[in-house]
Amino acid sequence: MSIRLEGYMQTTQQNAPLKRTMKTRHLIMLSLGGVIGTGLFFNTGYIISTTGAAGTLLAYLIGALVVWLVMQCLGELSVAMPETGAFHVYAARYLGPATGYTVAWLYWLTWTVALGSSFTAAGFCMQYWFPQVPVWVWCVVFCAIIFGLNVISTRFFAEGEFWFSLVKVVTIIAFIILGGAAIFGFIPMQDGSPAPGLSNITAEGWFPHGGLPILMTMVAVNFAFFGYRAYRHCRR
């Protein structure tokens, strides 16, 4: 069974040669944007309130370590055995076709759920500026945009990913700069209160609820890194 699967994949690669239409800047921004998931913007408040200041940093460090280990392994596999399919081909090769089949469908299901939550989150964001427009309308609009970026051409998809990823990176940098300015008093508080400084971090202690909430929030933390495997599909 595995021999027939490998033969089919090799025949497919020979009959459908690929073109290198992505540039280095596309891959760099795709990698950066891929590790910035929707959860970073929507779940960080929940993580901070649950784990505290130090707990949040520790949770994200653990999540980043897991992502780094996974990508180290996946990167070596991609370089040693480049394939035109997704990474489920490695599971099919070393663990059997049934495992590869299961991994492929689970990956599809994961992205289906993640895209649905991302579209919903984007719809709620747009309601801030357009409160009269229902959330489902924005979901349809963003779904059409994503579909168009994926079906037109690889170059068009790469350009879209480049600019969208750039927006996310610039937004995070702006949040850090503006947040730091507000914390240390360079930007006055809206109610005229003094700058909080580090009081919000130290008021309730570094771990106000202990260490267990760190483990409880790891799902939310990993969701913030969702999409980090996207570059693997651009390796050829």
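Here the Cβ of each residue, glycine as well, is placed from N, Cα and C on the backbone.
Annotations in TrEMBL come from automatic prediction, not curation.
Sequence annotations record features per position, and here TrEMBL assigns domain 'Amino acid permease/ SLC12A' to 26-228. Residues or ranges marked as transmembrane segment by TrEMBL: 27-48, 54-71, 135-153, 165-187, 207-228.
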Is the transmembrane segment (207-228) packed against any residues at least 6 beyond its ends, judged by a Cβ distance under 8 Å, and which are they?
31, 33-40, 43-44, 46-47, 50-52, 54-55, 58-60, 62-64, 66-67, 70-71, 114
With a Cβ cut-off under 8 Å, give me the same-chain residues at least six positions beyond the ends of the transmembrane segment (54-71) that come close to it.
35, 44, 47-48, 206-207, 209, 211, 213-214, 217-218, 221-222, 224-225, 228-229
Long-range neighbours of the transmembrane segment (165-187), counting only residues six or more past its ends (CB under 8 A):
29-30, 32-34, 36, 40, 194-198
